[in-house]
Amino acid sequence: MLYLIGLGLSYKSDITVRGLEAIKKCSRVYLEHYTSILMAASQEELESYYGKEIILADRELVETGSKQILNNADKEDVAFLVVGDPFGATTHTDLVLRAKREAIPVEIIHNASVMNAVGACGLQLYNFGQTVSMVFFTDNWRPDSWYDKIWENRKIGLHTLVLLDIKVKEQSIENMARGRLIYEPPRYMSIAQCCEQLLEIEEKRGTKAYTPDTPAVAISRLGSSSQSFKSGTISELANYDSGEPLHSLVILGRQCHELELEYLLEFADDKEKFGKDVANDQEYFKPAAWVPPTEDDSDE
């Protein structure tokens with residue numbers, strides 16, 4: 001049996017009872033170690049808590065070495081641990097499909113992730129649209145496909161959750177080209193860098209999917225004892241020191257409910273200004289009034 005087990009957001013004890021029971025009966029335990037990190041628990045602490053040795057699974061192992069993970073999983077129990085929820089990344093879906101192709105039984109044990117815990121900032125989950133990811137820009141790679149999804153969300157009034165990039169055990173392009181197994185130090189994108197990249201692409205595109213004055217909320221260390229939120233415009237948050245990782249950002253949609261706004265105001269430095277920014281943004285993205293068709297517009 002292959003168990004995909006969600007660990008939750010922060011602490012070793014965030015795992016469910018069912019998940020812990022599954023780990024204890026597994027002969028091998030892998031911890032996915034590149035899409036996110038457990039903020040308040042080290043590998044050693046997890047091993048002590050589970051009573052099991054943990055094998056760190058980097059991107060290379062999961063995406064190209066899945067045979068190692070699935071080896072003998074049809075005869076013994078293997079656990080694949082994921083920070084958050086098991087289906088928080090497409091890579092994990094691919095692992096399940098590979099297991100099923102090899103007739104290996106799979107059991108999923110869910111847990112909290114940023115996708116549902118984001119409601120802690122006060123925004124209602126059913127007012128969210130498509131989630132996007134913001135990667136670190138390089139000198140010659142500045143992808144902006146996420147821009148269109150933000151634009152689509154904003155047009156229909158929905159909030160956009162922006163997941164910020166992390167780099168764990170990644171190689172530079174030069175080292176990859178030379179075949180050198182030298183890895184870069186871990187990096188975690190800050191709120192300020194995310195907002196700077198948002199503004200750069202808006203200036204490049206010029207469609208005004210958002211502006212420097214668009215309201216947003218910064219989310220830091222969600223699910224930990226030091227979690228924090230900061231409401232402000234994108235330009236204001238581009239100068240915000242968000243502290244230790246991990247971070248996410250929500251760009252507000254046009255349909256910001258009054259209860260959502262009341263909650264967000266608690267995280268704003270200037271409550272009056274933020275309230276005006278939200279009102280101005282709602283007016284800016286206000287849809288045109290519906291005009292009934294005239295007889296000339298009909299097909300008759």
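Counting starts with 1 at the first residue shown.
Any Cβ shown, glycine's included, is placed from N, Cα and C.
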Selected residue, Swiss-Prot feature phosphoserine, from candidates Ser13, Ser145, Ser172, Ser242: Ser172
From Leu2, Leu4, Leu7, Leu9, the one annotated by Swiss-Prot with Asp85, Gly88, Ser113, Val114, Leu164, Leu222, His247 for S-adenosyl-L-methionine: Leu9
Around the Cβ of Asp85 (S-adenosyl-L-methionine binding site), the count of other Cβ atoms that are within 10 Å: 24
